[in-house]
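Here it is, the structure in full.
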């Protein structure tokens, strides 16, 4: 593909081509940069542990259901995002210098965008699913099957992959990357999912109130937490992205935007850490299964360690009995007694 060199984005090229002097990285990191790096490490560790735990417990110890399929796909997307955080942390620690090659830069950025689209689509789908259960209970009972949800999740991943491809192909081109894609990701990864989430929960709340059903305080609190966390995590990133493309390249505000965008992207990753807390750990039954699973794992490890320790101790004592010529029959008898 031949590209006009004038269309290449100076920000991306500066990131890739930038070279730093030895021992200048630490001195060039601002307090905001240090805080961002710290948040990256915290979010990465917490998100990987949380989502791995959910994949293991929900995938192997919970009976397969519609809700568990939603949660598994959401956890897989969040695990993919949090697993890519250490690479972005390295980029920030090196003074915003990319040293892992041009192709890997495209791949890493694509992982971020893929999670952004998958997460938005899945959260919207989960909200619609809950709305349909309340709005059309008979239909949901007959047609809301695990097979249907698996197909919907497959479509969501496929759509998110299609939405991510242009960001991979035109990663270096200002003309396409900035003028079109900022609005595209704002609409499809933030505005539309947010509207679906809010409207779905408004419908659910209205129907429950109209039917005279007592609304659970936990449910209301969960709805508020989902909407607020989605807005807080993704609104700063999308707002700065739109501001970046709306202002001239040499506008004074671009300096602030360039410094704030990595922090805004970090806050976007926070959504992958909060999702397990909001959608999984808010369920008491699932929390109980997770605790039992952790207890079972620890018990297994301890039992295996104690058994191995006892076996080695037994071999050691018996070796003293059989290979030490100074031991008489009485001492050998004492050895057997200790082992038994």
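The backbone N, Cα and C atoms fix where each Cβ goes, and this holds for glycine too.
TrEMBL labels come from automatic prediction, so no person has curated them.
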Which range is it, out of 5-31, 32-58, that shows up in TrEMBL as transmembrane segment?
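From TrEMBL, the annotated transmembrane segment range turns out to be 32-58.
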What range among 93-110, 111-128 does TrEMBL describe as transmembrane segment?
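It is 111-128 that TrEMBL describes as transmembrane segment.
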Averaged across the domain 'G-protein coupled receptors family 1 profile' (50-279), what pLDDT does the model get? Just tell me the whole number, please.
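Averaging the confidence scores along the domain 'G-protein coupled receptors family 1 profile' (50-279) gives 84.
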May I ask whether the transmembrane segment (219-240) has at least three C-beta pairs under 8 Å with the transmembrane segment (32-58), counting pairs 6 or more apart in sequence?
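Answer no, regions not in contact.
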Do any residues of this chain, six or more beyond the ends of the transmembrane segment (182-207), have a C-beta under 8 angstroms from a C-beta of it, and if so which?
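That would be 113, 116-117, 120-121, 123-124, 127-128, 130-131, 134-135, 163, 166-167, 215, 220, 223, 226-227, 230-231, 234-235, 238, 241-242, 244-245.
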Same-chain Cβ contacts of the transmembrane segment (219-240) under 8 Å, 6 or more residues past its ends?
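Contacts with the transmembrane segment (219-240): 116, 120, 123, 127, 182, 185-186, 189-190, 193-194, 197-198, 201, 204-205, 257, 260-261, 264-265, 267-268, 270-271, 274, 278-279, 282.
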